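Annotated in TrEMBL:
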TRANSMEM  12-31  transmembrane segment
TRANSMEM  37-54  transmembrane segment
TRANSMEM  66-90  transmembrane segment
DOMAIN    112-229  domain 'RCK N-terminal'
Amino acid sequence: MRNTVSAPLRNLVGGIAFVLLVSAAAIAAYMLHGWSFSDALYFTILTVFTVGYGEVRPIDTEQLRFVTMSLIVLGCSGTIFVTGALVQFITFNQINEILGGRRMKSQIDELRGHVIVCGFGRIGSMLANELKAGGQRLVILERSEARHAQAQAQGHLSLVGDATEEETLRLAGIDRAHALATVLPDDAANVFITLTARSLNASLVIIARGEAPATESKLLQAGANRVVLPTAIGAERIAEIIMFPTLSKSIRNSEREASASLRKLGLELEMVIAEPGSAFAGLTVAEIEQQAAHGFLVLAVQAPGSEPVDELRPQVRVRPGSGVTVVVRSGHEVVLGGFRASAGQLAQAGQALPEPR
């Protein structure tokens, strides 16, 4: 593909350079015979583009006739070559665009159990790259031509279109998809995409991005399985760094590398803040793991204002407000103190449990 496009482009650039070189040589030759620059330039342009308004000055010497004949032959030939190269360049680009679109449509039509990512902005691009790195097949839906081209350059299957429209989602294979992530910065658009996607595929797993916390309930009502609030997540991370600076340095600095290695083994690393009255607060490490039926492993515990305890003994008790780092199997459901959660949701187990009625 790259060579097919670059060959016509090289021909076009080479042809233009040749015409300019011939024109410059002719202008210099005319000026050597006493012509002014403007007369030489004007006559050269008339000759190269075969306009034929007549001679600006008499061509009355053999040298001038030779220069003029050379300019006519070489200049006109170069102009014809440039015209052909330009047509070839435009035609090849159009053909490649058509063939590329058909090839991409064919690849998308063959997908089963893939993920549809709506939006290729900052979060969408990071999400797509993470999914691709994990071996997950995916399709990008993006309105912007520039971001669509960027997604293709990174090796993603991408379609230009409005994800709120049913036809666009159908082109992305929503009826065969396993999951859809709508990560647009517009809450209203995410709600509409969620509604449309749920109506087209009742079994689809939908993860939606929300900017305002009040949007979470609307997205869930629209059919989202899970809502991610980047602002809230960022605030929680900042709070963790403030309250547990040592733990943040010892664990968070290597979190990405550790998480990548754990994911290959089907495990996930999570940080839980044990709020007063939560499923974690007041229990020992042994009691927590026993109540969770050993569904996860406690790695470290850090009480507020203390150093993290990473060489844990079973009798170490988790005080309210402590930070607990655990490893849990991906996709495994954990039941702890009446709280039921899967990997990725354990942070909620650190929140206070509702009072029994």
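Every residue, even glycine, has its Cβ placed from backbone N, Cα and C.
Since we're looking at a predicted model, the values are computed, not measured.
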For this session: Mind looking up the mean pLDDT for the domain 'RCK N-terminal' (112-229) in the predicted model?
Result: 90
Seminar exercise, completed: Same-chain residues at least 6 beyond the ends of the transmembrane segment (66-90) with CB under 8 Å of its CB atoms are 8-9, 11-12, 14-16, 18-19, 22-23, 26, 29-30, 44, 47-50, 59
Exercise. If you run through the domain 'RCK N-terminal' (112-229) with DSSP, how many residues end up as helix, strand and coil?
Worked result: 49 helix, 25 strand, 44 coil
